[in-house]
Amino acid sequence: MVKYTPMIEQYLHIKNQYQDCILFFRLGDFYEMFFEDAKITSQILNIALTGRDAGQADRIPMCGIPYHALDNYLSKLVEKGLKVAICEQLENPTEAKGVVKRDVVRIITPGTVMEEKMLQDKNNHFISCMIQHQDSYGLAAADITTGDLFVCSLDNSTLKRVMDEMMSFAPKEVIIIEENKEWEKLLEDTSIYTTQLYKNTNKCFQPLQTFIQHFQERINIHLFHEVEKLAVGWLLEYIYLTQKRDCQHFNQIQRYIPNDKMLLDGNAKRNLELIETIRTKEKKGSLLWILDKTHTSIGGRMLRSWVENPLQSLSHIESRLDAVEELSNNYCLLSEIKDQLKNVYDIERIMGKLAYGNANARDLAALSKSLLIVPMVKNTIYHCEAKLLKDMNEKLIDISALTDILEKALTEEPPISVKDGGMIREGYYELLDQYKNTSKIGKDWILNLEKEERDKTNIKSLKVGYNKVFGYYIEVTKSNITSVPDYYERKQTLANAERYITPELKEQEDLILKAEERLIDLEYQIFTELRLLAIEYLPQIQTIAKAIATIDVLQSLAFVRLENQYIKPSFNTDGLLEITQGRHPVVEKVLKNEQYVANDVLLNSADHQIQLITGPNMAGKSTYMRQVALIVIMAQIGSFVPAESANLSIVDRIFTRIGASDDLASGQSTFMVEMVEAKDAINEATNRSLILLDEIGRGTSTYDGMALAHSLIEYIHNHIHAKTLFSTHYHELTSLENSLVKLKNYHASCMEKDNKVIFLRRIIRGKADKSYGIHVAEIAGMPKGVIDRAKYLLQDYESNDVKHEAEIKPTEERTSSMQLSFLDSHTNLYLDIIETLQKADIHRMTPLDALNLLHGLQTKIKN
């Protein structure tokens, strides 16, 4: 049997309990890793792999990091998906008998990070779990840095639907409670870190009991379904397991009903670039970038949550809109709120650190400064009429009993370390002042000693100094050693000087050090009491934080409304979606040398359920489609929107298939991605959904693609009845307008001038007559030879095309054909032209509108 040193035996005993973790084993001022952990860690952290004697002939692998650099190294390991167990010394090594007592005090996993360097100020950091109980699923998500805890239940749902709901939290880690191959496969496809808790056989879990014990004194636990209690209980079990402490900042549970919000799956969020852009993965260029004028971290996190989870409740939407309207109509009030919020720190995460016992005095001071702003904000919005602002005003609770004490107790800029002193103001605690005074008197005596000794010895270079190892000393250069008096006692020899001490100096040193030791101990005791006092106010402070965050989001939306001249949307219950002169909120902001071209939108349940949009690439089809979805989302989060008017019906879900988002890493082609995303839409959309489908079928052969697109349009039209924007290059599909009564043709308009094509960016009624693909290739910089050859071949193909383009018919009419006589077709054409001219409002037309109208009529006559 292998025999190691007692310390290594201790390491192996602890490591055996945490086999799925990298064990950071505290040895003095270092964390050491041994055996396989050392090899893995040294490679990832790029630090030296060395060896250590362990009682055997061969040295064991070892590497280490300084304890004060822990956060820097932790982040690299956690980003690689590793768990790290922190094993600390539990007793003073100088007082230990035998091996120092050690144990794991915390496990850091991707979802249980508390370190500031590993967090983003305006992003939540969720960990979640799902459990199935009978026919229901329970879903819980928690942010241990803020104390946010959400739970919901989904009855008779698919795992895909549960996954979409879970992904709305963008969790960093997911806990798997029981073996489920289908669920684990879905999670595997997301690349989210998963923990299979069912494989942990070292602990007996009691989730329901854990839920009851944690919340029975805090909330009415009878309001929750059994599956919800289990989901929260399992999540708390894991948090306790990793954090080794009671998480008292989980004070409330935010129970919600999934159907109360619009569901946006990962495809929709990505394709619409809600949080980050597809190309750069950065916030700039996203919808959030446009809307985020928040001044606090708590407000920034709440705004992101609003953007990712638009509402379905009309009353709540209108409540937000009314608040935004009132704030934006009073610029002085708005500016005052902005200036106040700039002084508010991250209250939620400070309270999280306090609950964990790792907040420092600077955190307490930041909390105190933030809470002192609350009465000012309350006074500023006191006379506001909007219901939501009135509600937030009531939640700005008076906790001056706490802030008065913190303000009196803490210095203006306390140090980060709680063991260095300098935290508590003079005058707050009498005994502390006495210690400070004793220390000051001693230091003043030492300052005078230097002058006195220089005068006594006539050594002008003599100086008095201090270091932590040798204490206070008198330093004399070697050239003056002969002048040193007899009562100096040598203490330390340096290369060019000698250091001495005198009985009087030693006596003063003892007085100073004892006073400072007592001073630091007492300061720490006072600080601990202040920390416990702040924790007593945890529920009230969490309420205040949510109110401040809400006010911050509302003022942000108000500023955005003023800055971009947005309008207040209205809502109807008739299934109508009508937007006048709508604009893409991001594109109009980033255009530099070009004016944005606004577009009208009409979708309804009667005769405009589907817009079939044709036209060339680069003409603005995809921008138009995204624009419609973004305006709907903005309206349902309670934001004003970029348009002249917007009359909308509530949308329950948005499905998107825009752009070639090939999933090549998992072996999925463009066409497979198209089909999967289209399948999600037709399986899960309702008549209250909005579907955006861009160029469906282009990933396969022409006839395959056209047939699929045709069939998909028919299915949406006849069975789902969802409002749909469907763009296509299959111009043959435009004949569906003749057979599908709720489908209307639209196209991205263009103008030809001097053999050049100008994209007008207008989406107008009717079908496109050309694709202009060669022109797009010319703009892209294709070589002239290729372009010229393409033009020649196009003419050749068109002149030799002997195929008769059969009109595409709906399934029910495939067996019948319909032919118009030459006279009938021209009669219809003339009537169409006359109707178009009669409807044209020449008094409101711009020159560009008139030109577009004439171009359209001219094209019809030519054809």
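Every residue gets a Cβ built from N, Cα and C, even glycine.
Caution: TrEMBL annotation is automatic and unverified by curators.
As recorded in TrEMBL, the features of this protein are as follows:
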BINDING   GLY615, PRO616, ASN617, MET618, ALA619, GLY620, LYS621, SER622  ATP binding site
DOMAIN    689-705  domain 'DNA mismatch repair proteins mutS family'
Collapsed DSSP category at SER622 (ATP binding site): helix
Nonlocal residues around LYS621 (ATP binding site), in sequence order (Cβ under 8 Å, 6 or more apart): ILE613, GLY615, ASP694, SER727, ALA748, ILE763
Local Cβ density at ALA619 (ATP binding site) - other Cβ atoms counted within 10 Å: 26
Near-site residues: ATP, ref GLY615, PRO616, ASN617, MET618, ALA619, GLY620, LYS621, SER622, CB cutoff 8 A to centroid: ALA748, PHE759
GLY615, PRO616, GLY620 as binding-site residues, winner by CB count within 10 A: GLY615
Helix, strand or coil at ASN617 (ATP binding site) [DSSP, three-state]: coil
Model confidence over the domain 'DNA mismatch repair proteins mutS family' (689-705) (mean pLDDT, whole number): 82
Cβ atoms near MET618 (ATP binding site) (within 10 Å, other residues, all chains): 18
Summary of DSSP states over the domain 'DNA mismatch repair proteins mutS family' (689-705), given as helix, strand and coil counts: 4 helix, 5 strand, 8 coil
Cβ packing number for ASN617 (ATP binding site), 10 Å threshold: 19
